[in-house]
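Trainee: Annotation comment: TrEMBL describes B:262-380, B:677-789 as domain 'ABC3 transporter permease C-terminal'. The transmembrane segment feature in TrEMBL is assigned to B:21-43, B:256-284, B:305-330, B:350-375, B:430-450, B:675-699, B:720-749, B:761-784.
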Ligand SMILES: Nc1ncnc2c1ncn2[C@@H]1O[C@H](COP(=O)(O)OP(=O)(O)OP(=O)(O)O)[C@@H](O)[C@H]1O
Ligand SMILES: [Mg+2]
């Protein structure tokens with residue numbers, strides 16, 4: 001997949017996502033057009049039900065838009081098949097979940113190696129050293145061979161971030177990554193994300209936490225499936 | 001190893017208790033398949049090898065008088081004939097522990113150069129000197145003797161004489177002597193003379209050189225020779241052509257084995273269904289993990305391969321355990337069957353294809369069964385996988401009427417309604433568990449039912465035969481005063497004089513009759529029994545038409561073994577029957593079933609007397625005693641024999657009904673036992689199914705149980721909840737199993753019955769079977785819930801709530 005040097009890494013135009021519900025059709029995203037620049041730490045905020053998670057799902061190809069197009073790094077993803085999407089996502093999007101979602105029977109290092117295995121990236125011999133380096137980077141190099149259950153919540157989330165970075169994707173996204181963590185630990189996690197953005201990753205985070213607004217270069221507020229504050233494209 | 005396969009292995013090991021159950025279930029299936037197929041393949045091969053190794057004669061021509069060596073030499077020159085040999089078979093009696101038993105004496109022309117139906121030398125003398133005999137290896141048990149002992153032998157015309165046993169032979173064409181409750185001896189012509197018989201070799205055995213497997217060709221050749229011999233005034237009165245190349249028990253064996261093979265695969269299929277259900281549960285439990293892996297870049301195919309690998313690994317472990325064990329069992333199995341069929345296993349190697357079948361079916365069937373849930377779970381969209389919260393099927397909105405009804409049963413404490421609701425929560429799993437338990441129970445009960453029906457059918461032998469002993473006389477004797485004398489013996493309640501003669505259906509070929517009789521004269525033989533129409537000693541079950549009527553009308557009633565000898569025969573048909581070279585037409589008026597009797601045509605003694613000119617004479621005496629026990633029969637027989645001896649009446653054979661019963665029982669007992677073994681395997685797999693269902697049900701609800709605990713449910717309550725759930729599944733399965741067992745019993749009973757008696761076994765319900773199965777299921781359900789309920793209670797509330 002070719003990397004373009006466009007200013008905007010992610011471009012949504014006229015994206016609508018509807019769900020059939022008992023009372024008719026529900027618009028989770030309503031004709032959204034959005035350009036997200038490269039290398040930014042960006043926040044998406046909004047009330048519950050405003051469509052934040054839906055937006056992330058559309059960008060990562062987990063959901064397909066009902067109307068409109070999604071282009072990420074020059075690739076139009078809304079037309080890819082499920083299996084094309086799987087390997088595309090594995091390489092281009094690093095996802096961090098709210099509940100960490102480390103696989104319980106694999107060690108921390110193996111959890112990090114798993115995406116490389118699925119996407120067949122990096123020679124097999126280099127995978128473990130790479131996983132260890134990533135774990136070192138997120139600050140838990142000494143936990144590599146433990147099982148997830150032996151780690152604290154903050155450590156697990158760091159491991160999950162290392163796993164999201166496994167295939168060196170340009171985009172990192174996290175849906176309320178600190179929702180389950182105390183504020184001190186949350187600060188550390190946000191600092192980690194900010195550092196990754198400085199290294200050139202595009203980091204999109206859905207968060208309710210107002211205390212960390214200062215970390216973000218850009219904040220987008222959503223309501224009823226629409227953007228209510230424009231992004232500053234400075 | 002690739003990281004994803006590391007996950008597969010760790011997942012396997014983390015649920016080892018449950019996986020161990022799956023492995024055991026599959027191992028049982030693979031074991032059963034291997035044991036049965038392995039045993040069968042060896043038996044089948046060795047049966048043919050043994051039988052063909054005896055060089056069975058293509059045909060035996062029964063002559064009117066004895067054959068000279070020169071004649072044999074000229075038959076050997078006959079075109080299309082590769083071997084000819086003269087022989088004689090004499091029915092004699094031997095005395096064992098004060099009782100007379102039938103003894104088949106085979107008179108061999110040249111022991112050094114046997115050409116057909118070869119009795120293989122095992123030990124001792126090769127050729128028995130005059131006054132001695134060789135004994136078939138299976139006959140020693142019947143004779144209570146060993147090599148070197150003497151045996152008191154009496155032939156029809158001679159005095160009782162002691163013959164020394166000087167050697168042992170193996171005759172693979174004969175059923176074991178203990179099965180037939182007869183002795184097999186091998187003597188020379190001079191020994192026969194010493195026994196007081198002046199007859200010679202009256203059998204001509206031939207071997208055709210071409211088309212040895214074609215009955216028609218053999219028949220043509222044999223008739224050619226018979227006609228030529230007749231022309232030279234050597235009368236041939238019967239041609240015996242046993243099914244070419246077929247051991248006397250071959251078709252029975254194949255039929256029984258087919259059933260066993262079917263059952264063994266059924267065990268494997270049920271075990272595989274268990275695996276499929278377990279995998280379905282895993283897929284549901286892992287749905288979030290699958291969503292996560294897909295988010296990390298895994299495609300559906302990779303996920304599917306991971307989970308199929310998991311099943312594959314379980315199969316491999318099962319194979320590794322089961323294959324060696326199955327070979328041991330196969331060896332035990334063919335050894336047992338070999339004893340049953342008097343086979344000498346010379347090549348005990350189990351063919352490679354058996355292992356191949358085990359591997360292919362042991363991997364293929366479980367994979368097939370797991371494929372549906374694995375594919376469904378793997379191809380789920382990321383979105384759905386991530387949305388799905390664990391157990392989630394569609395939550396039930398309303399209680400169904402069954403639930404409401406069940407909920408209102410308060411007799412079992414307040415946990416019972418909740419337990420019932422839990423039972424019905426996973427319907428497909430419930431269906432699977434019920435299916436497994438029902439199939440296991442049905443087969444278990446069926447095996448016991450059939451075994452009881454078998455016993456019942458054996459006792460029909462007593463119900464249909466109201467006599468206790470049959471004396472076969474050396475020739476026709478006048479019976480007018482004899483019967484009254486016999487009746488006056490204390491203990492004797494009734495006596496009848498019958499006539500018995502070898503008979504054949506005539507196809508109109510000039511006096512020479514062709515039968516299917518094997519050389520042991522039992523398998524495939526056909527006799528005519530002429531009896532007083534109002535007999536008080538025989539009560540066969542009439543299946544069509546009616547019994548004989550008084551008078552001299554040529555009416556005949558055929559039994560279940562005689563009927564299939566004709567290609568088609570119906571009531572009212574006329575059949576030509578040849579007795580002593582004398583063919584008469586008879587009208588078929590009825591068909592009967594009489595358990596344990598060879599092919600027989602029943603006719604009235606008056607009609608027979610008219611046709612054969614035997615008025616007032618009999619060659620068979622049937623005697624009924626007041627006390628039918630074996631001990632009393634033995635005692636009474638001596639009184640009767642003493643009287644016959646005083647009257648100067650020679651007896652060829654004394655055949656008590658109990659002996660007959662034992663002979664028939666011996667034929668099939670091992671097979672009924674094997675059926676039981678298969679049923680036990682099924683029962684174990686069924687119980688394992690219940691166990692694994694229960695542990696899955698509990699495991700899945702760990703969170704719920706945690707919540708119940710927080711809300712104040714005591715461990716006792718939780719325990720009774722789980723136990724009630726297991727027990728109610730067990731109870732439901734029992735009813736299903738019972739219904740199914742009736743169907744199965746009828747089917748298998750008819751199959752085995754037809755094989756053994758040519759009549760279906762009656763349907764019997766074994767109370768022992770039902771009680772044993774209920775006890776087993778209840779105990780199984782209880783044990784199956786022990787671990788899950790213990791687990792449900794030992795995990796802390798915190799753990800339970802954190803469980804995903
Ligand atoms: N599969 C679905 N079917 C029907 N409605 C859906 C579905 N997925 C999402 N929605 C609806 O779309 C709207 C947006 O959902 P979304 O999960 O994007 O909200 P959110 O902003 O992430 O909320 P929260 O802060 O609670 O996570 C919600 O009202 C939700 O009920
Ligand atoms: Mg959300």
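Just so it is clear, glycine is given a Cβ too, placed from its N, Cα and C backbone atoms.
On a predicted model such as this, the values are computed, not experimentally measured, just so you know.
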Trainee: Quick check for me: are there 3+ Cβ pairs below 8 Å between the transmembrane segment (B:720-749) and the transmembrane segment (B:21-43), leaving out pairs under 6 residues apart?
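Mentor: The transmembrane segment (B:21-43) and the transmembrane segment (B:720-749): touching, no.
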Trainee: Hey, which of B:350-375, B:430-450, B:675-699, B:761-784 has the most Cβ-Cβ pairs under 8 Å against the transmembrane segment (B:305-330)?
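Mentor: Per the Cβ under 8 Å count, B:350-375.
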Trainee: Looking only at the recorded stretches B:21-43, B:256-284, B:350-375, B:430-450, B:761-784, which one has the largest tally of CB-CB distances under 8 Å to the transmembrane segment (B:675-699)?
Mentor: B:430-450
Trainee: Going by DSSP, how much of the domain 'ABC3 transporter permease C-terminal' (B:677-789) is helix, how much is strand and how much is coil, in residues?
Mentor: 99 helix, 0 strand, 14 coil
